[in-house]
Amino acid sequence: MDNKIIYLTELDSSVDKSEPFVMGIDEAGRGPVMGPMVYGCCYAPISKSTTLKSMKFNDSKKLTEQQRDQLFDKMGESNKILAYETDVITAEILSEKMLYKKPISLNVISHESAIGLIRSVLKKGVNVQELYLDTVGPPDKYQLMLKKLFPEIGKIIVSKKADSLYPIVSAASIAAKVVRDFEITNKNFDYLNIYDQDEQLSTDFGSGYPSDPLSKKWLVKNRDKVFGYPNFIRFSWKTTETAMRGACFGVDWVLENDKLKQHFQENQNDKKRFMFFKENNIENCINDF
C-alpha cells in the first residue's frame with residue numbers, strides 16, 4: 001500500500017451527515033514534469049447550496065495565488081458548511097506505477113485517487129447524493145464506471161470544465177491546487193539533492209510544465225549522470241527521458257532467462273553424490289534453490 005499524504009478537514013459535529021450531500025472532485029498538477037499530482041474533494045449539505053455559491057468559488061486556474069489562499073482559509077473555517085480532503089500522489093509514486101513492467105496509465109491512477117476519496121467520505125457516514133467530477137478520459141465511460149461502483153449515490157455527473165460549472169468542484173479544485181503549491185514550496189531541496197549533500201539544488205524551475213523553457217533548462221542543469229534526478233521529478237515523463245538521453249549513463253538489463261542459465265547447472269540431479277549418501281539410499285528432496 002502506498003504511504004498516503006492526506007490533508008483534510010472534518011465537518012462540525014453539529015452537521016447532520018444523514019441529510020443529502022453534494023460532493024465535487026478535481027485535480028491539480030496532472031501535466032507537470034515535477035512535483036505531485038493532487039486530487040481534492042469537497043462536500044457540503046445540499047441545503048447549503050446557496051451559501052456555497054455566495055462563497056464565490058471559481059476554477060483555481062482563474063484565480064490568483066492570493067485569492068486561492070484566501071478561499072482555502074475560508075474553507076478551513078467553514079466546517080459547519082463544508083469539508084474537504086486531498087490525496088497527494090507524489091512524483092515518486094507516479095514514476096513507480098507508470099514504469100511498471102505492465103504500466104499503470106495516468107488516467108487509471110487518477111480514477112483510483114478519485115474513487116479513494118469517494119470511499120473515504122462515504123466511510124465517514126456522509127450521505128452523498130450528488131457527485132460532480134471533472135472528466136479524465138471519455139466522460140460517459142467514466143460516469144458509467146462510477147455509477148456501477150457507487151449505486152447509492154443518486155446523481156453522478158462527469159463533465160469537461162466541471163470546475164467552472166459547479167461551485168463544489170471549484171472548491172475541490174482550490175483545495176487541490178493550494179495543497180500542491182504547499183507541497184512544492186515547502187520541500188527541503190537540500191535533502192532532495194541526495195547525490196551531493198554539499199550542493200544546493202536550484203528552485204528556479206518555473207511552472208514545471210514540459211513546455212516551460214525554464215523547466216527544461218532546470219532539467220538540463222540539474223541532471224546527474226548516474227542517478228538522473230531526485231524523486232521529486234517524474235521519471236515516467238517523456239521530457240525527463242529526453243533530458244537524460246545521451247547525457248546520463250545508460251543501463252542494459254539482461255532479461256532472457258537462458259543468459260542466466262550459463263552460471264548454473266541445469267539439472268541438479270546430474271551432480272556427483274558422495275558415496276555415503278548412495279550407500280545409505282539418502283535422496284536429495286530439494287531440486288531448486
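We count from 1, first residue shown onward.
Glycine residues also receive a Cβ, built from the backbone N, Cα and C atoms like all the rest.
For the divalent metal cation site, Swiss-Prot lists D26, E27; matching the candidates D134, D140, D181 against that entry yields D134. The Cβ of E27 (divalent metal cation binding site) lies under 8 Å from the Cβ of M37, V38, Y39, G40, S110, S113, D134, V136, A176, each of which sits 6+ residues away along the same chain. Around D26 (divalent metal cation binding site), the C-beta neighbours below 8 angstroms that are at least 6 residues distant in the chain are Y39, G40, S60, L133, D134, A162, D163, V169, S170, A172, S173, A176.
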